[in-house]
Amino acid sequence: MRINILRVEYHSKTAHSILLQLDLFKKVKVICHMSQSIKFRVTEARQRDVGKKVARISETSMRKLNVEAGDYIEIIGQDGNSALAQVMPAYDISDDEIRIDGYIRKSIKVGIGDDVTVRKTNVSPASKVVLAPTQPIRFDNSFVEYVKDTLMDKPLAKGETLPIPIYTGTLELTVVNTQPSNYVYVTGSTNIEIREEPVKESSLAYPKVSWEDIGDLEEAKQKIREIVEWPMRHPELFQRLGIDPPKGILLYGPPGTGKTLLARALANEIGAYFITVNGPEIMSKFYGESEQRIREIFKEAEENAPSIIFIDEIDAIAPKREDVTGEVEKRVVAQLLTLMDGIKGRGRVIVIGATNRPDAIDPALRRPGRFDREIEIRPPDTKGRKDILQVHTRNMPITDDVDLDKLAEMTYGYTGADLAALAKEAAIYALRRFVDEKKLNLDQPTIPAEIIKELKVSMNDFLNALKSIQPSLLREVYVEVPKVNWNDIGGLDNVKQQLREAVEWPLRFPELFTKSGVTPPKGILLFGPPGTGKTMLAKAVATESGANFIAVRGPEILSKWVGESEKAIREIFRKARQAAPTVIFFDEIDSIAPIRGLSTDSGVTERIVNQLLAEMDGIVPLNKVVIIAATNRPDILDPALLRPGRFDRLIYVPPPDKTARFEILKVHTKNVPLAEDVSLEDIAEKAEGYTGADLEALVREATINAMRSIYSMCDKQSRDECKGNMECYQKHIKECMNKTSFKVSKEDFEKALNVVKASLTQADIQRYERFSKELKRAIA
């Protein structure tokens, strides 16, 4: 008998039962293709995929699952919870990894590194979807249409929470009901209903902060997961090894780098009970109350284990006991030590402390058994800044010209908080521009959705925002550097080239220095006569390199209090390291670093020199920090500063020769209307011995001479016209001065040459050239 082979594909028990009912199962040989399922290890989602119900796997895995880009898959956690996603290819992960965001991870109760099962699934088109916000909102039909557009083709299931991007933030909507009631996806014919009454916040198990909300900090995230997440999720591993998990972690670093965010994300990812303690809130003037509060916090944590106690600004409640005069602080520290030693069920309660002053914390807390690990949270590098900008712009409508790579390069020294503020400020600029362009009336109750869709943030908005957001690390020492380019400095080509090599090259071509095996120069000393452009060169270096710029005026460092001057130097270098790449510019360095042993003061300058030597060539390396110093008295500088390893480059800034004087005059007269009889070459030849500052003064004086001539003419005309009427005279002379065009003539320059004299004599020039030769011999 001939047996027909019927090829049937099915994904549920329904097909099986139908075959039995038709009594075909016994008569027909069935080849059933069950939906293929594969196990994957969970990794973080890309920023662009957060909240979009996208799962990314390798192309090889997609072929194994028999899915194409955009198909729907079911992701099943270890305890059977499942979620839907659209599958997309990833080219930067292995075949056993899957990228899913915090919303999907939370709904199926898995964390980074856990295993999930993935299979292709059938999803029905939705006829109706009912949503509810998690907080009270006002909305109109245009918002409903916007939500529908956002959710188009996205797979949905009852009970899940969806983040809807709203300008710089998100609004969470919960899926209350769907028709049909199984897995569905939104189509053009789907009826979207949004209820006004919000669902209860407590009923939601979705994260407010996930790992994807933290740009950068990959190393810190990995360390903190090893210390906290592994013991809480898999205590049996530590029991097998016969070791106790850590009790505490101290996160330290500058303000705004993400310490608090890191702790919150950790608690959300592992589903731990989270208690936030702000250090100063613990303190009380009543005897024993501060200690009682701490005991209650630890008791609450143990009752709700697994839990995390996060103590922000821990230095406020646990300072060094020998440094404080109050008894309250000492008792609080003692209580904290006792409670951390007495934590039961290690690995179930973790204490995380955060501070930007780790040295101020009592040493007894900083030993194994209390704060077992200390993790430094550093300001982000260029790649980290780009990651952070991606986090803060992922829900922002931006134009195609927004270049996050360029913005990351321009924001040296910016912390995560600074970059968040930058994104918000750019959005405000865009809003202001949009309102002006569209002439919107903000008093009207609603703005049409089609107009709102045109609102986008441009690169120009970010550049404008950069002007008002300063890096917080340098706020105390930040200097707004005037925009000075190399072209604004006439002559000095050799000096400019040396500065480019020492400062710009290491920042622009770091790989070149890595390959060569040499370290860039640490320090550059510019010396020469006054007025030759030393400070101007430092400004140009800061502008052209794009590095952060700290200007230190020598005399400002000096203090009558013992140790204050050295502390000021230490703080400057500490901030420079944190905000690297940084240029520290010491103007008039001879005032704070003279030859030791010769000064008659109380020894403050000697201590400053010692501190400078230690900072420039000490144990702590100067990574991407360049020191530029300027002086016109190199003969009185301490010799120890002038050796290689401190000031590696000693650059003589000479007075300009004739060619350089011509270039300087061209720079200073580029916006000055010159008469045809003016020859800058002739003026440059006559200005022998003039420095750059002298030539600037010469041009200024010549211009004022021309203005004097205009004033004399206008004064005569006004007096003749107004005949003693003072009100008429003031009005007439103002109009005359503002309307009359003028040009600076050769005669004006001749008069100026008689007024502005050269500040350098031949003897001065010879003396500085002698200094230059002596210094070169000294360092040779």
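Backbone N, Cα and C atoms are what each Cβ position is placed from, and that goes for glycine too.
What Swiss-Prot records for 253-260, 528-535 is ATP binding site.
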The one of Gly253, Gly528, Pro530 whose CB sees the fewest other CB atoms within 10 Å, among these binding-site residues
Pro530
Within 10 Å of the Cβ of Lys259 (ATP binding site), how many other Cβ atoms are there?
25
When you measure from the Cβ of Thr532 (ATP binding site), which residues in the chain that are at least 6 apart have a Cβ under 8 Å away?
Val653, Pro654, Pro655, Pro656, Thr691, Gly692, Ala693
Check each residue in the chain of Lys534 (ATP binding site) that is at least six apart in sequence and keep those whose C-beta is under 8 Å from its C-beta; list them in sequence order.
Leu526, Phe527, Gly528, Ala630, Asn632, Val653
Provide the number of Cβ atoms within 10 Å of the Cβ of Pro255 (ATP binding site), excluding the reference atom itself.
14
Cβ density check for Thr257 (ATP binding site), other Cβ within 10 Å (all protein chains) comes to 29
Which of the three DSSP-derived classes (helix, strand, coil) applies to Lys534 (ATP binding site)?
helix
